[in-house]
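As given in TrEMBL:
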type	residues	note
TRANSMEM	7-28	transmembrane segment
TRANSMEM	67-90	transmembrane segment
TRANSMEM	97-114	transmembrane segment
TRANSMEM	126-151	transmembrane segment
TRANSMEM	158-180	transmembrane segment
TRANSMEM	186-207	transmembrane segment
Amino acid sequence: MISLQHLLGALGAIVGMGLALAPLPTMIDIITSKSTGDYTPMPYTITLVQNLIWVAYGRVTPNKGDIVFANTLSATVEFAYCLVFWLFAATSKRRQLVYLYFGATAFLFLTVIVCRAADAGISTSISLGTIASILNALMYGSPLAVIGVVIRTRSIRYMPFLLSFMTLLCSIIWFAWSVVARDLFVFLPNVLGLALGVAQVGVWFYYRFYGEREIANERENDDDDDVELLQ
């Protein structure tokens, strides 16, 4: 019988794949237009690095096969995205891509060197887990900028609900997994992800049902003021 930990890990892998495939329309747009346009490869590169470090952490830490499986799937997708950017980037942007990809590769090598320099066993696991946890927390913190845009413009145009919901769902599942598996490195970033996910979905619902109404009321009041001035 499958354990609760492995069940949550399987669910996390499925939801994680859904989250990883969310930018697929962007990739299709790049391929069909044969240009990367104003799209940036930065999020996909950082996510790929994060996935690979989680894979390394899972391989050196006992009973972490769920992490290896889920992040291997996600890393494969993110690598494909990075490849799309390389194939369709304009010549003027190729140099930037070289710097970005070289920097990501150098960071991975540096991580490996630091971890190999540490003592074997638990110390290597702690080193990899700490780095992966920090990167994961930074990724979960990135929607704060989008929340700021929504609040400033009072429009949910730049906050797709499906992406926000999938991020929240992914955080919930891996938070539950970390509690069952007693994994502090997975627990900490997903506490942050859970809080930010709830905030993001809450902001979406508020401005979806109340923000547009507020704007409409303000426009109506402005129209009434204009009428009074004309009279």
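Every residue, even glycine, has its Cβ placed from backbone N, Cα and C.
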Three or more CB pairs closer than 8 Å, sequence separation of 6 or more: does that hold for the transmembrane segment (7-28) against the transmembrane segment (158-180)?
yes
Please indicate, using numbers and ranges, the residues of the same chain that are 6 or more beyond the transmembrane segment (186-207) and have a C-beta under 8 Å from a C-beta there.
67, 133-134, 136-137, 140-141, 143-144, 146-147, 150-151, 154-156, 159, 161, 164-165, 167-172, 174-175, 177-179
